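Peer 1: Take a look at the following structure, please.
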Amino acid sequence: MFTVLNHLDLSYLHEVLVIGLFEKNKQLDGLAGEMNELLDGQLMTLLKEGDISAKKKAVTKVHTLGKINIKRLYFVGLGKEEDLTFEVLREAFGKLFKTVKEAKLTKIAVALDTFTNGKIDYNEAAHALAEALPLATYQFAGYKQKANEPEKQIEKVIVYTQGAQEEVQASLTVGYVYGEATNSARTLVNMPGNMLTAADLADYAVEMAKKYDFEYEVLEKEDMEKLGMGAFLAVNQGSAEPPKMIVLKYQGKETWENVIGLVGKGVTFDTGGYSLKPRESMVDMKTDMAGAAAVLGAMEIIGELRPEQNVVAVIPATDNMISGHALKPDDVITSMSGKTIEVKNTDAEGRLILADAITYAKHHGANYIVDVATLTGGVIVALGNHTTGAMTNNEQLFEQLLEASAETGEFIWRLPITEKDKERVRSSKIADLNNSPGREGHAIMGGAFLSEFAEDTPWVHLDIAGTSVTSSAHDLGPAGATGVMVRTLAAFVERFE
Ligand code: BES
Ligand code: ZN
Ligand code: ZN
């Protein structure tokens, strides 16, 4: 996909050369200045007239009318030089690639060094560029009989930089892996419940394990019964689809210590169970496995980049259905941890399956746990659709996730879990825990419930109910699944200490 070259060769015909432009009192310097001279000062005129914009994320196409050996120049506005951040840069590249794709161009050249400032060097610019390409141009194939004309894809990007070629190439590879893995997760989330059952999710994970040489395990119903996973099994009770507990292990250290557990909610469809969802809220509940998809996406990055870390991924996969066998409100179930749970709401199923998955992650030696789940509608009310809710029992672990998320631009914000909140999830008269102690602080109740299973293990809970899907297209992707937390989890694992 990427070829890195050290200097711009004008004897070579380019369809498009992309140049970054900072707002600078109507001046053109560097490469833009050189192009201006080659084009007899015409670029300066366009800039003065406002036909080329240096505003943040503005993309301007200029046809060179055969005057130089480059057919078109694309200028990407970057705003004020001192204000450019990694996040803005990634979005600016996203806009660029959307424009390039719309124009049906398959090959472009980018003057990478015009996208750097004092804070962002060519390696970071390369990462932003390579990550934005797959993210911005992603499209879910769908199932139409007569598929649309296969869209022209960008096939080649020539990257010009004064930077060290190998380093830039490596940064491009990393960025591209991050983007592609996010797209893998998006595809899983966009797939409907009948096309992606728990068994399908398990098959997908096993394929990945074989590809990257991960150790793996898929527990069947009988195995779960033996292990006493009563909370997970209860959710699956009403289903015709067998449950799967999926485990992937990546060992990047010599010994199995300091193990990071990544746990992802894999509800392939959530009807609510007997606490049935109203018809409008049930639509889109195919996306209730976005936590599982985030964990699998992160494992794809880990498999590609092979960091020196130990990671165990645990995914409880099932749908949440009704039948004569299904779980009912008021039922009391026993989790693998031994704790009993009074089920007040069968639609609070995520915390039930995660309870056993967290216990099982510890069973596999997880010393730290991060769970990712589309857990509550409450987090959407609290934080909206752009911020993931986080809850924790460990400041340091949370700080590390926060840092990773700042890098990836996937914002997280912490909600508290107080002793009073814990009392509420322990408020059942007849069991240890209550899975739904009322609507107040809804998202927090989910977190407080899970903390009962994390116990003393440092743990962070990420509620992605609001961020896993978007209703409108954005600079880094179309409407639909976002693949949120794939990149944050991977960045967190890479830098974990
Ligand atoms: N899967 C839902 C949460 C959800 C809501 C995800 C909207 C994405 C968009 C979850 O299982 C659920 O139903 N939660 C209940 C919890 C309640 C019954 C305590 C909710 O949020 O209403
Ligand atoms: Zn539910
Ligand atoms: Zn759910």
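Sequential numbering from 1, following the chain as shown.
In case you wondered, yes, glycine gets a Cβ from its N, Cα and C as well.
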Peer 1: Say TrEMBL lists Asp347, Glu349 as binding Mn(2+) 1: which of Asp270, Asp432, Asp456, Asp463 is in the same site, per that record?
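Peer 2: Only hit among Asp270, Asp432, Asp456, Asp463 in TrEMBL's Mn(2+) 1 site, alongside Asp347, Glu349: Asp270.
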Peer 1: Kindly point out which candidate in Asp288, Asp330, Asp331 is recorded by TrEMBL as part of the Mn(2+) 2 site with Lys265, Asp270, Glu349.
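Peer 2: According to TrEMBL, the candidate sharing the Mn(2+) 2 site with Lys265, Asp270, Glu349 is Asp288.
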Peer 1: Looking only at the domain 'Cytosol aminopeptidase' (345-352), report the model's average pLDDT.
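Peer 2: Per the prediction, mean pLDDT sits at 98 for the domain 'Cytosol aminopeptidase' (345-352).
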Peer 1: By a simple count, how many Cβ atoms lie within 10 Å of the Cβ of Asp270 (Mn(2+) 2 binding site), its own Cβ left out?
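Peer 2: By my count, 27.
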Peer 1: Check each residue in the chain of Glu349 (Mn(2+) 2 binding site) that is at least six apart in sequence and keep those whose C-beta is under 8 Å from its C-beta; list them in sequence order.
Peer 2: Val235, Val267, Asp270, Gly273, Asn320
Peer 1: Going by Cα-Cα distance, which of the recorded positions (Lys277, Asp347, Arg351) sits nearest to Lys265 (Mn(2+) 2 binding site)?
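Peer 2: For Lys265 (Mn(2+) 2 binding site), the spatially nearest of the recorded positions is Arg351.
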Peer 1: What three-state secondary structure does DSSP assign to Glu349 (Mn(2+) 2 binding site)?
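Peer 2: Glu349 (Mn(2+) 2 binding site) sits in coil per DSSP, no helix or strand.
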Peer 1: In sequence order, which same-chain residues at least six apart have a C-beta under 8 angstroms from Arg351 (active site)?
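Peer 2: In sequence order, the residues whose Cβ lies under 8 Å from that of Arg351 (active site) (at least 6 apart) are Leu375, Asn435, Gly446, Phe449, Leu450.
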Peer 1: Near ligand 1, which of the recorded positions show up if the criterion is a Cβ under 6 Å from one of its atoms? Options: Lys265, Asp270, Lys277, Asp288, Asp347, Arg351.
Peer 2: Asp270, Asp288, Asp347
